[in-house]
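Colleague: Pulled these features from TrEMBL for this protein:
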type	residues	note
TRANSMEM	120-138	transmembrane segment
TRANSMEM	144-164	transmembrane segment
TRANSMEM	209-227	transmembrane segment
TRANSMEM	233-252	transmembrane segment
TRANSMEM	327-346	transmembrane segment
TRANSMEM	366-384	transmembrane segment
TRANSMEM	396-418	transmembrane segment
TRANSMEM	430-452	transmembrane segment
TRANSMEM	464-485	transmembrane segment
């Protein structure tokens with residue numbers, strides 16, 4: 001483990017007293033408070049490229065609605081270039097998001113199957129830079145008036161989308177891979193309290209601060225939209241180009257320090273082969289080498305005779321697929337999330353601006369996150385752990401859904417008042433709660449999704465599973481493209497209201513919780529939390545009690561036994577632990 005000087009520390013971290021994996025069934029450890037470990041400094045260099053990429057992506061996305069929507073008129077208060085209207089602007093903006101997040105799959109396959117994460121990120125940065133050069137060159141007044149702006153925009157969107165998707169699929173897993181400890185460790189705090197340093201909490205912390213860095217980069221529209229409004233679009237797009245070049249240089253400088261997981265040329269093919277066997281054998285538990293030998297079916301499948309085909313690998317693939325079940329519900333959320341980057345900007349254009357650019361308020365989202373994420377990590381989550389409150393991944397996602405839904409209901413009510421008031425009479429800052437509520441939702445949903453994508457993925461498929469998470473944003477963007485005909489007056493009240501109702505649908509949320517049992521509550525991962533040995537029943541019960549409470553009161557609910565909590569009991573029953 002790294003020295004203290006080589007780590008990012010938090011308020012709960014301890015000086016090492018005993019750096020040895022512990023037996024979780026031991027009563028002495030089962031009641032210990034769980035805390036996260038320090039984060040390796042080398043991960044910061046990887047976060048720099050994400051900071052630069054997000055600065056670039058949001059910096060160019062901020063002005064893009066006005067760039068497409070409004071006509072080029074230097075005398076107008078609203079900046080513009082292409083004059084294609086709100087419906088086209090919203091559709092193209094959604095296409096850009098769809099392509100950017102759908103292309104994560106391309107970047108993931110290249111990394112996991114062929115050249116690895118580090119080289120894939122470098123190639124993606126190069127493609128990104130070429131796309132930005134095209135955008136800057138075709139956004140000059142001369143290019144716009146000559147008709148080259150629209151074609152240049154489409155070409156730039158394709159190149160930039162491919163670059164951003166390939167970076168995004170690989171940065172998160174590569175960053176998390178820099179933390180090498182996989183065992184719970186007992187440490188003593190300066191106060192004398194013994195605590196259990198939990199790798200799972202460390203990964204959660206890493207993704208929280210990753211998303212914090214993302215939102216520092218997302219503040220770039222504060223610069224670019226003002227440059228767009230007071231100077232020109234080409235200069236607004238030149239700033240992101242400089243940012244991605246600098247961040248790529250910083251990323252390259254740390255290449256000798258990174259932990260690099262080599263690609264396995266057959267990883268994706270093997271995962272499909274294992275899944276195929278599981279389908280034919282009616283379950284992953286029947287597709288393990290030991291189960292195939294017992295049933296006499298091992299001779300049917302060529303992969304069953306290969307050394308890498310182990311019980312552990314089959315279970316890894318199963319966990320990866322189970323975690324993806326949760327992702328099926330994320331498009332419902334991201335359709336709401338996307339509204340703050342297009343339709344709410346257009347809504348602001350119908351309000352009283354008083355000198356405020358109509359696309360400035362979108363920056364409230366990253367500003368709120370830059371405040372809220374540290375508050376969660378430093379204050380809220382440690383307080384929950386201190387009092388044994390189980391704020392598990394599924395609950396976090398549930399809370400995130402509720403915040404997003406309330407935001408859309410608020411936008412719907414606001415749109416109603418805009419329609420029934422004189423033109424441009426409602427102050428634009430009344431929009432602020434919609435952006436802040438969405439920001440709160442991101443801190444719970446996106447951070448948790450990234451955490452599940454990494455912790456439940458097979459080691460050689462982490463980029464692919466991460467890409468599947470990001471792909472849900474692409475699916476949402478495709479849904480938004482289909483909604484383009486109603487993303488304009490006079491349908492906006494119903495459009496926002498419908499999104500809020502869908503997000504609040506209690507049945508959908510209950511189904512999401514049930515579906516997540518196999519993934520989010522699949523805490524029995526021996527190779528990740530207990531070492532290589534298969535834990536016995538006492539180990540499993542001990543680990544479960546640590547995760548949901550010590551048995552004296554689960555998550556602060558007052559339940560006397562773990563099995564009294566419906567979801568915990570269902571999970572325990574599936575795993576043969578319920579009494």
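Quick reminder: no glycine exception, Cβ is built from N, Cα and C everywhere.
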Colleague: Thinking of Cβ pairs under 8 Å, which stretch from 120-138, 233-252, 396-418, 464-485 has the most of them with the transmembrane segment (327-346)?
Modeller: 464-485
Colleague: State the non-local partners of the transmembrane segment (464-485) in its own chain: residues 6+ outside its ends, Cβ under 8 Å from one of its Cβ atoms.
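Modeller: Residues 87, 90-91, 94-102, 104-105, 107-109, 112, 165, 168-170, 172-173, 267-268, 271, 320, 323-324, 327, 330-331, 333-335, 337-338, 342, 449-450, 452-454, 456-458, 491, 495 contact the transmembrane segment (464-485) from elsewhere in the chain.
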Colleague: Hey, does the transmembrane segment (120-138) touch the transmembrane segment (430-452), meaning at least 3 C-beta pairs closer than 8 angstroms, sequence gap 6 or more?
Modeller: no
Colleague: Near the transmembrane segment (233-252), which same-chain residues lie under 8 Å Cβ to Cβ, leaving out any that are not at least 6 residues past its ends?
Modeller: 45-46, 48-49, 51-53, 55-57, 59-60, 63, 67, 79, 81, 121-122, 125, 128-129, 132-133, 135-137, 139-141, 144, 220, 223-225, 227
Colleague: So which of 120-138, 144-164, 209-227, 396-418 has the most C-beta pairs under 8 Å when paired with the transmembrane segment (366-384)?
Modeller: 209-227
